[in-house]
Amino acid sequence: MGSEGPPTWASKPCIMGIDEAGRGPVLGPMVYGCLYCPLSYQKTLSSLNFADSKTLKEEKREELFENLKKDDSIGWEVDVIDPRELSAKMLRKVKVNLNEISHNSAIGLVTRVLHIGVLLTEVYVDTVGDPEKYRIKLSEYFPGIKFVVAKKADSLYPVVSGASIVAKVTRDKAVRDWVLDETAEAMDRNFGSGYPGDPETKAWLANHKHPLFGFPSLVRFSWGTCTPYFKSMIEVLWECDKDDEEGSSSGSKKRQLKLTNIGFTGCKRKSEEIESNGKGRCKFFQSRKLELVSHFR
């Protein structure tokens with residue numbers, strides 16, 4: 001993944017482009033990619049036929065990615081953000097929205113490349129949110145770097161086009177190689193494009209939800225696309241923490257749903273046998289190597 005050490009030209013002034021892939025889909029990770037090279041290599045970069053990855057066919061993107069990996073005058077890095085991480089952050093009590101997650105990923109890539117030892121003087125970024133506010137935010141983090149933040153930067157600046165290819169090819173591979181091993185016995189990979197409006201994606205979501213454990217790890221369960229499917233799932237009400245109860249305006253205490261009400265039996269019947277051989281246990285527990293707990297402190 002990218003360069004492991006500083007390239008020979010790292011001490012010369014360098015430019016970098018940053019772009020993402022997979023912001024909109026309900027399936028798979030969001031990937032941020034960056035491409036960097038010496039400022040003196042900028043004209044040559046323009047001749048390498050990079051373009052916004054969305055305008056290229058998959059085979060062409062992969063060919064260009066292989067070419068840039070072989071180029072000694074180019075470095076690259078990626079940040080693959082797991083769908084579970086995206087959903088968890090967006091559903092936290094203090095929510096982290098998608099724009100903030102995106103900004104943090106871009107900041108992380110700049111930090112990583114600087115730590116490698118690359119002298120970044122100019123960074124071009126495809127905007128998330130207001131371009132000027134984003135530029136000011138980045139400039140405050142890295143005052144020694146000139147930032148250019150623009151809409152459609154992936155079609156305006158070859159260095160961002162290259163980053164777009166890095167991000168898109170990495171995401172496509174991540175989705176293609178994703179291991180579907182939880183919540184359902186027979187899972188297929190016919191999930192279409194992964195975008196919310198795709199009928200094939202919607203059908204896959206409907207067929208691969210679990211009444212208690214929800215969706216497979218490939219799914220961004222915080223997306224509005226998933227909300228209609230929750231109606232057919234088992235409702236679990238959690239007992240509030242004491243602090244939450246005291247701080248709530250209503251003062252009402254939520255009751256905890258008894259597991260016996262939804263078909264769970266206790267640990268008495270053959271619990272040792274089930275624990276030792278794993279038979280009869282949901283694949284959700286098996287795949288995560290979760291052990292049966294019969295005593296709570």
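Note: Cβ is positioned from N, Cα and C throughout, glycine not excepted.
Where the annotation comes from TrEMBL, it is an automatic prediction and has not been curated.
The annotation divalent metal cation binding site is assigned in TrEMBL to Asp19, Glu20, Asp126. Around Glu20 (divalent metal cation binding site), taking its Cβ as the centre, 23 other Cβ atoms fall within 10 Å, counting all chains.
Under the heading domain 'RNase H type-2', TrEMBL lists 13-235. Averaged over the domain 'RNase H type-2' (13-235), the predicted model has a pLDDT of 90.
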If you draw a 10 Å sphere on the Cβ of Asp126 (divalent metal cation binding site), how many other Cβ atoms land inside?
26
Please list residues from the chain of Asp19 (divalent metal cation binding site) whose Cβ is under 8 angstroms from its Cβ, counting only those at least six apart in sequence.
Tyr32, Gly33, Cys34, Ser53, Val125, Asp126, Ala153, Asp154, Val160, Ser161, Ala163, Ser164, Val166, Ala167
Give the sequence-ordered set of same-chain residues, not counting Asp19, Glu20, Asp126, with Cβ within 8 Å of the centre of the Cβ atoms defining the divalent metal cation site.
Ile18, Ala21, Tyr32, Gly33, Val125, Val128, Ala153, Asp154, Val160, Ala163, Ser164, Ala167
